[in-house]
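Chemist: The structure that follows is given in the form of structure tokens.
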């Protein structure tokens, strides 16, 4: 009986260890030193960026004059613009597992459905009123809410999400922190209809249950417009 209990304990411990290991590698790896400022010009290819010589690191490596207090130009077909502050703009973020972004919205502007394959996103509304939400994996449940200045909303890692400014006259703005130095972004519409080379229209017509000529037209819009 004692042997059976001991075996169960070993199995549970092993399973817990496996689960913990999977969780540990699911996000950006933890740094093994105080910092690792990215050397963006290094020929060394690693998962992330090679470290700059610590003796050459200066306070400016941990600083970015991002001017995130200033509104950005939202004059585009979506009425929104994202200003990213990740490791490629801010080398001091390398290995720290965090990045930042400002999102500006024109009246009725939309940050179209997209996902970050490597990060959870925590959004804080700076100005305005946003309708936002995310969609889960199958069966694709939508979690949405109207949020206002000072409110905070979280988008879980790799979930499709969006935001829309509900005001017809005034702009809106938000700040987002993301749990990766390089969260990546996949914009759903452009990924599906604007990939290069394009996905077969036979595949898309079957997936969306529409005629191929509609798929052809949608693909032509994305290929002709580089702003997507």
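Placed from the backbone N, Cα and C atoms, the Cβ positions cover glycine too.
So TrEMBL has the following annotated:
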- 111, 116, 121: oxalate binding site (BINDING)
- 114, 116, 121, 161: Mn(2+) binding site (BINDING)
- 36-51: disulfide bond (DISULFID)
- 66-216: domain 'Cupin type-1' (DOMAIN)
- 1-26: signal peptide (SIGNAL)
Chemist: Where the distance is taken from Cα to Cα, which of the recorded positions 36, 51, 161 turns out closest to residue 121 (oxalate binding site)?
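Modeler: Closest candidate to residue 121 (oxalate binding site), judged by Cα separation, is 161.
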Chemist: Which are the residues of the chain, 114, 116, 121, 161 excluded, whose CB is within 8 A of where the CB atoms of the Mn(2+) site average out, their centroid?
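Modeler: For the Mn(2+) site, the extra neighbours are 115, 119, 134, 155, 159, 160, 183, 185.
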Chemist: Neighbour count, 10 Å Cβ-Cβ cut-off, for residue 111 (oxalate binding site): what number do you get?
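Modeler: The answer is 24.
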Chemist: Measure from the Cα of residue 36 (disulfide bond) to the Cα of every one of the binding-site residues 111, 114, 116, 161, then give the nearest.
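Modeler: With Cα distances computed to residue 36 (disulfide bond), the winner among 111, 114, 116, 161 is 116.
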Chemist: Once the chains shown are all counted, how many other Cβ atoms turn up within 10 Å of the Cβ of residue 116 (oxalate binding site)?
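Modeler: Excluding its own Cβ, residue 116 (oxalate binding site) sees 24 Cβ atoms within 10 Å.
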Chemist: Using the centroid of the Cβ atoms of 111, 116, 121 as reference, list every other same-chain residue with Cβ within 8 Å of it (recorded oxalate site), in sequence order.
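Modeler: Apart from 111, 116, 121, the close residues are 101, 114, 115, 119, 123, 155, 161, 176, 178, 183, 185.
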Chemist: Can you give me the Cα-Cα distance between residue 111 (oxalate binding site) and residue 161 (Mn(2+) binding site) in Å, rounded to a whole number?
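Modeler: About 9 Å separates the two Cα atoms.
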Chemist: Take the C-alpha atoms of residue 51 (disulfide bond) and residue 116 (oxalate binding site) and report the distance between them in angstrom, rounded.
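Modeler: Residue 51 (disulfide bond) and residue 116 (oxalate binding site) have their Cα atoms 25 Å apart.
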